[in-house]
Structures are given as structure tokens and as C-alpha cells.
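A.B. asks: I have a structure here, written as C-alpha cells, and I will follow up with some questions on it.
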Amino acid sequence: MDSLNQTRVTEFVFLGLTDNRVLEMLFFMAFSAIYMLTLSGNILIIIATVFTPSLHTPMYFFLSNLSFIDICHSSVTVPKMLEGLLLERKTISFDNCITQLFFLHLFACAEIFLLIIVAYDRYVAICTPLHYPNVMNMRVCIQLVFALWLGGTVHSLGQTFLTIRLPYCGPNIIDSYFCDVPLVIKLACTDTYLTGILIVTNSGTISLSCFLAVVTSYMVILVSLRKHSAEGRQKALSTCSAHFMVVALFFGPCIFIYTRPDTSFSIDKVVSVFYTVVTPLLNPFIYTLRNEEVKSAMKQLRQRQVFFTKSYT
């Protein structure tokens, strides 16, 4: 409580992506379009999964949860970034900064755990297909999703606690477009080396260990594909390569940023764009929208809408 009582900073000022007004307007238009595509693409997947019985499978249950997480994850940072691109002075209150930081880590950690679950789902489906219905039943799926949200909440509470326990009484300039633990604790009026080590132990270890676990699972899948038919091999390779692309795009920036205590590079802002803006956009296209089952479901939904419209005209 003493640390909190010593807090003097009431707001933080973002430097944003650039100080060039022309570039800011271009970025605003580009990121606005990306955000709209992110929302629409992920919402379409959720709707298709809910209203199409053929998609009521564990994999699409997890992917619809991924779409929900991507909507939330991008909504934590992108709207504030767009506001900053329009305004000359880019500020955020201390409380809102901590709130943004909490939800950023909640949704990011939930996505990390969900990507592990998706990898495990593919491992069971491809390597032990006969046991798949028993291993990945709906009860297990719901328990896994509950566990990932619980794990994400615990992680985020830990990161938030490490941040707010420090006194902030001096500089308030954040060289980014959003609040994150490594960026905020550098502004604390005390030595943060130990806190930085704890952050690496928390975020860095989670990112790196989970990435290695996912890579290992896909390597096991690739080895087991030798036992499958050529058609089955091709389908599994297509699915796994798409999944691994998302894993690399998301885990790469996280590992780059969260495994370095007390160090930062000018490229960090660009790297952050990948996992806060780009990955939530690409996930629906890489995972599902190019999938024939999802395309068929989308077509059925359009036909239902056409029938609904015609019946009232």
C-alpha cells in the first residue's frame, strides 16, 4: 500500500508509432481497415461455428474461441492506437493504463494456452484418431477452455501486481502506442532489475516454453504422417502448416519482447504490431476462412439469409 500511496503520475504520454502527421494519417486508414477486417473475419467464424452443425467439433470449438480472443486482444490496443494517430497529444490515465496492461496480458496468455490446446487437438486427431472421440469430448474441451482462462487470469494478475507495486513519481513518457509491463516499469522511481527478472520468469518463460511445446507436437505429427495415405498426409500437412504459421507469427514477437529484462530496441514498436494488430487479422484467414468446411458453412449461411430476405419481400 505504501508504494501505491507514493504514486504521483496520473497519466502517461504515448510517443506513438511516428511523429510524422502524414504517416499518422496513412497508418490511421490502414489500421482502421485492418481492425474492421479483424472484427468481421473473426465474428464470421464465430457465427458460422455456432449455426452450422457440421462445425460442432472440438477443433472448430477451439478456433471459435480463438476468434473471440483475437477480437478482444485487438480491441485492447487498436482503438487507443487509432485515437492516438488522430490526436496530437496521446495520453492515457494511470488507471486506464493498468487496465489496458491487465487485459493485454490476459488475452495474450489465453491465446498462447489456446494455441497449445489446438496443437494437442491436432496431435490426438492425427496420431491417435481412434481415441480422438473419447479423448477430446465436449466435456474435456470445456474444461480446457476454462483452464486457459484461469491460467491467463493468474498470469495477468501477477504481471499487474508487479507493475502497480512500484512507485511512479517522475517521467511519464511511453515510447509506444500502448501500455505494457516492460514499458511502464522503466518509468518507476526505483530499481526495477528484480522486477524485470520476475517478468522474464513469468511472460518470457511462458512464451518460450509454450512455443517449444507447440513445435514439438507438430514435429511428432510430421513424423507420424509417414503412416498415412498420400491424401491424408496432404490434408494434415496443409492444416499443420497453417497452424504453425500462426504460432510463429504470434510467439516470435512475444519471445523477442518478453525474454529481455531491462533492455529495449527501437524495433520493439514494429514487432509489437505483429502480435497486437496483424496476427488477430491473419488468424481467421489462415486457420479457417480458407478451409473448405468453413467456406461451405459460409455459403449455407448466405443462402439462409437470401431465403430469409426473399420470404419478406
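Cβ coordinates are placed from backbone N, Cα and C, and glycine is handled just like the others.
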A.B. asks: Say which of CYS72, CYS97 is recorded by Swiss-Prot as the disulfide partner for CYS179.
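C.D. replies: That record, Swiss-Prot, gives the partner as CYS97.
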A.B. asks: Please state if THR18 and THR128 fall on one side of the membrane according to Swiss-Prot.
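C.D. replies: No, Swiss-Prot places THR18 and THR128 on opposite sides of the membrane.
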A.B. asks: Residues of the same chain, at least six outside the topological domain 'Cytoplasmic' (121-139), with any C-beta under 8 angstroms of its C-beta?
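C.D. replies: Contacts of the topological domain 'Cytoplasmic' (121-139) (Cβ under 8 Å, skipping residues fewer than 6 from its ends): 58-59, 61-62, 217-218, 220-221, 224-225, 228, 236, 239-240, 243.
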A.B. asks: Give me the CA-CA distance between ARG260 (Cu cation binding site) and CYS179 (disulfide bond), in Å, as a whole number.
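C.D. replies: About 17 Å separates the two Cα atoms.
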A.B. asks: Where does ARG260 (Cu cation binding site) sit in the DSSP three-state scheme?
C.D. replies: coil
A.B. asks: Any idea what DSSP makes of CYS179 (disulfide bond), helix, strand or coil?
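C.D. replies: Note: CYS179 (disulfide bond) is coil by DSSP, not helix or strand.
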A.B. asks: Sequence gap of 6 or more, Cβ distance under 8 Å, 3 or more pairs: do the transmembrane segment (101-120) and the transmembrane segment (26-49) meet that?
C.D. replies: no
